[in-house]
Structure formats: C-alpha cells, structure tokens
Amino acid sequence: MNDFPWLTTVVVLPIVGGSLIVLFPHKGNKTIKWYTYCICFIDLLLIAYVFCYHFELDDPLIQLTENYKWIHFFDFYWRFGIDGLSLGPILLTGFITTLATLSAQPVTRESKLFYFLMLAMYSGQLGTFSSRDILLFFIMWELELIPVYLLLSMWGGKKRLYSATKFILYTAGSSVFLLLGILGMSLYSSNEPTLNFESLTNQSYPVALEIIFYMGFLIAFAVKSPIIPLHTWLPDTHGEAHYSTCMLLAGILLKMGAYGLVRINMELLSRAHSIFCPWLMLLGSIQIIYAASTSLGQRNVKKRIAYSSVSHMGFLILGIGSISETGLNGAILQIISHGFIGAALFFLAGTSYDRLRLLYLDEMGGMAIPMPKIFTIFTTLSMASLALPGMSGFVAELIVLLGIITNQKYLLITKILITFVTAIGMILTPIYSLSILRQMFYGYKLFNTPNSYFFDSGPRELFISISILIPVISIGIYPDFIFSFSADKVEAILSNFL
C-alpha cells in the first residue's frame, strides 16, 4: 500500500469532487453544502490517515514521494513528497478548510460556484505544500489565486471589487518575480534544466546571482506573508470578504508565503539568506510595532483583526531571520498557531456581523448580555491572540524571542534592541485586543435597541469555535507535538548555515 499515490489523491480529490457539483440540481443548496462538507471531511481523514500510518516522525528526509513524468518536452514531473516542514501546514489546511466550508452555510447565492471555488482553492493550497518540483510548486501557487479572486469579487461587502482587484494586482504581480526566479534557477545548470527540489538544494550559484534570485523570491513571498510595505492589500481584502473566505486567507494563504520563505529562500539560497537575515529581523521588528499601532486606529473590526495578523506575522519573520534552531522552530509553531487563532477571530467577527449587520466598533456595544456564548468564546480567543500563557500564541512568540536571545551570531546590543522593540509590540497587542472586546461587548448601546438578530451561537457555530479552541489550548500546553515532526527538518535546513 505504500506505493499508492496518497498525496496525489489528497491533492486532486477536492477539485475533482468540486467539478461534480455541476451535476447537482440548481435549487439543491442543502445537498451541495453537505456534499462539499463530505469532500472536505473525507480529504481531512485521508490526510490524518497518511500522517498516522505512512509518515515516520524521526525521518527528516522527504517521504511518500511520487514521481510521474508529465511533460516529456522539458522533463517536467508531477512530483510530490512531504517532510516535517510541510506536514504541519497540510494538516492545518485540511482542518481550517473543513471548518471554513461549514461556516459558509449562510451563503445561498450561486452556491454551486462558491463551493467549487472553495474546493479548488483547497487543492491548490495542498499542492503547494506537497510539491517537490519547483515548477509544479508555481502552478499550485497560481491555482489558488483565481478562486480567491472570484470569492472576493462575488461574495463580500460593497467595495469587494476594489479589494479583489487590489488582491490580484499584488499577488499576480509578485508571481512574475516568482516565475522569473524559478526559470533562472532551473536553467542555471551545466547539463539540462533542473526543476527537482532535491537537485536544486545541491546547486551552487555565484553570490551576486544568488542574491538576485533571493530578492525575486522574497518579493513574491513578502506579498503573501505579508511583509511591510507589501501588506496593504490584506486589510482591504479582509474588510470586504465573506468571513469563510477570511478564514482561508488568515488561516492558510498567509502561511504559504512563510512556507515559501523557508522552503526556497532558506533551504535553496542559504548564502543569500545569511546576508539578508539581519534586514529580515529589522523588518519583522518594525512590522510588529507598526501593524499593532495601526490596528488601534481601525474602526472596522475585521480590518483591526487583519492588522493584528500582520503584527503576529512579524514574529514569524523574526524567527526565519534568526537562523537559529529555536527561532525557526518558533516560526513554524507560529505558522500553525496563528492559522488557528486568525481563522477563529474572523469567524467570530463574521457571525457577529450576521446578527447585527454592523462592522464598525463605535456602533457596537452591549453584546455580552444577549450573546454570552459568543462573548465567552471571543474573549478566550482574544486572550490566545494576545499570547496568554497556556495558549499556542504565547509558546510560539516566546520561543521566537528565545531563539533571538540565545543566538550567538548577533551582537548583544542587537539582541537587546530587537527584544525591546518586540516587547513594545507585545504591550500594544493586549491594548487593541481588549479594546475590541470593550467596544463590542460592554456598555448598553445595542442592548437597549430592539433587534431581531439578537440570538446567541447555535450548535454549528459552537462546534466550529470549540474545534479551533481545542488545538489552540492543546498546542499551548504541549507544543512538542508540532516539534516532533519539525525539529529534525529544521536541523537539516540549518546545517547549510554552519
């Protein structure tokens, strides 16, 4: 059974299953929804089965490899494989997409197209994390752009077309740099074009050329991560998108950029990364403070959460730039942690909007009394976002900071400055998080206004919220579960920097 193409099945199942939605009757909304849930859940079960029975945790090498000749003309392979770096994002993708699909139940307009796009996006994201061919990586990277654009432009707020256009201009524009970098790396060979990740890992380049490649990939991944100043598409996109789409953006899409930085910039271009890592740490430090302080000035609750995501991604950039085992493990943990927390906060903001039809914080207030369940869950996940001990966010950010402090590559004054700046960001985080709670849930503004939408969480919403809360607490208490499959791969990546 080990020869069975498990990864191809996992990647292809959602988009193939989604293509069959066209066969359903036009008015079968409920049938289409349950069919989509089943596709996502079956795929998640397949991912869990492959992880439990076919993946060796103590093996840092690529496992479950699949290698099929696809296009003979230029030696292009359908090549998949996973290791400790890709396993966490794949599990996160399956989990968040399944819950995001369940959260999209209120969507009734053009539901066939909506659920097909979600499944197509699912396949693209899984393919990106599983690819072992750099051109296949690019194809999967681009595959999820079109579904996201259509989800943004067709289901969202009044300015959805503007935000969708801004999203596609940023991401498609940055993809040009990604494609040029891929073509340059694959063609720089004495014999024949090389697209295999394993071959590219052993490829050496002149320093100047490696820096050019590195900058091209950095621009592409900085847009998706996002890294300032290439982040401005994110608040507009989150502010207008349907909250199920926001869950996929915050939970998975942002993590693709961080994954690319580690998989390509660190693993394939280690010399250039050594040159750029101090600048990455500087950018990460500035990003934490800038995004946290900007979040305080946002009236729109979804934009405030979006800027908080940008701030938390700053810790991830710090971990990647630290070139230390502790720091990089912390960055990988932050990928998983923020994937859960960011998706949960956007889901709760969206469910509140379903009831109140309000997004501006200064128009809200008094929700705690009529909606105690939403209030309790929102408060708990806000505590996770501000890195409360016992939650996954605390462990991830603490480990990143420890990776910087214990790193011998940087001067003491540099470590003190970075720690001081990030500490300011960590002080600003509870200010904007608690401000959201105060403006939404306390006071009497809405409580004294008769409103037919004032009802608390139902079983579906409670199930989604608790399903995300459980791993947030579990990782906070026992982060070694994540480190058990990432630590060996991190050690292998950092061996290139010795």
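Each Cβ is built from the backbone N, Cα and C atoms, and glycine gets one as well.
Only residues 6 or more beyond the boundaries of the transmembrane segment (4-24), in the same chain, are considered here, and those with a CB under 8 A from a CB of the stretch are 31-32, 35-36, 39-40, 42-43, 46-47, 50, 54, 64, 66, 78, 80-82, 90, 112, 115-120, 122-123, 126-127, 130, 140. Marked as transmembrane segment by Swiss-Prot on the basis of sequence analysis: 4-24 (among others).
Positions annotated as transmembrane segment by Swiss-Prot: 37-57 (among others). Long-range neighbours of the transmembrane segment (37-57) within the same chain, counting only residues 6 or more positions beyond its ends whose Cβ lies under 8 Å from a Cβ of the stretch, are 2, 6-7, 9-10, 13-14, 17-18, 63-64, 82, 84, 87, 90-91, 94-95, 97-98, 101-102, 119, 122, 126, 484-485.
Annotation source Swiss-Prot lists transmembrane segment at 80-100 (among others), citing sequence analysis. Using a Cβ-Cβ cut-off under 8 Å and counting only residues 6 or more beyond its ends in the same chain, the transmembrane segment (80-100) has close neighbours at 5, 7-8, 10-11, 37, 40-41, 43-44, 47-48, 51, 55, 57, 60-66, 118, 121-122, 125-127, 129-132, 244-245, 247-248, 251-252, 255-256, 259, 262-263, 332, 335-336, 339-340, 343, 347, 464, 467-468, 471, 482, 485-490, 493.
Sequence-remote contacts of a segment are chain residues at least 6 beyond its ends whose Cβ falls under 8 Å from one of its Cβ atoms, and for the transmembrane segment (112-129) they are 10-15, 17-19, 21-22, 24, 26, 32-33, 35-36, 39-40, 43, 80, 82, 86, 89-90, 93-94, 97, 100-101, 104, 136-137, 139-148, 150-151, 154-155, 244, 248, 252-253, 256, 259. The annotation transmembrane segment is assigned in Swiss-Prot to 112-129 (among others).
Counting residues 6+ beyond its ends, the transmembrane segment (134-154) has Cβ neighbours under 8 Å at 11, 76-79, 110, 113-114, 117-118, 120-121, 123-125, 127-128, 160-161, 163-165, 167-168, 171-172, 175, 178-179, 182, 185-186, 195-197, 200, 237, 240-242, 245, 248-249, 253, 256, 260, 264 in the same chain. Look at Swiss-Prot and you will find 134-154 (among others) tagged as transmembrane segment.
The transmembrane segment annotation in Swiss-Prot covers 167-187 (among others).
Feature annotation from Swiss-Prot assigns transmembrane segment to 208-228 (among others).
Annotated transmembrane segment per Swiss-Prot: 272-292 (among others), in sequence order, evidence recorded as sequence analysis.
The transmembrane segment annotation in Swiss-Prot covers 305-325 (among others).
What Swiss-Prot lists as transmembrane segment is 330-350 (among others). Long-range contacts of the transmembrane segment (330-350) within the same chain, counting only residues at least 6 positions beyond its ends with a Cβ under 8 Å from a Cβ of the stretch, are 85, 88-89, 92, 96, 99-100, 103, 238, 242-244, 246-248, 250-252, 254-255, 258-259, 262, 301-302, 305, 308-309, 312-313, 315-320, 359, 374, 377-378, 381-382, 384-385, 392-393, 395-403, 461, 464-465, 468-469, 471-472, 475, 479, 482-483, 486, 490.
Here the transmembrane segment (416-436) has long-range neighbours at 281, 285-286, 288-289, 292-293, 295-296, 301, 304-305, 307-308, 311, 314-315, 318, 361, 382-383, 385-387, 397, 401, 404-405, 410, meaning same-chain residues at least 6 beyond its ends whose C-beta is under 8 angstroms from one of its own. Taken from Swiss-Prot, the feature transmembrane segment covers 416-436 (among others).
The transmembrane segment annotation in Swiss-Prot covers 463-483 (among others). Residues 88, 95, 99, 102-103, 329, 332-333, 336-337, 340-341, 343-344, 347-348, 377, 380-381, 384, 389-396, 399, 457 of the same chain, all 6+ positions outside the transmembrane segment (463-483), place their C-beta atoms under 8 angstroms from a C-beta of that stretch.
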Folded-back contacts onto the transmembrane segment (167-187), same chain, C-beta under 8 angstroms, at least six residues removed: 134-135, 137-138, 141-142, 145, 148-149, 152, 193-195, 200, 203, 205, 209, 212-213, 216-217, 219-224, 230, 232-233, 236-237, 268
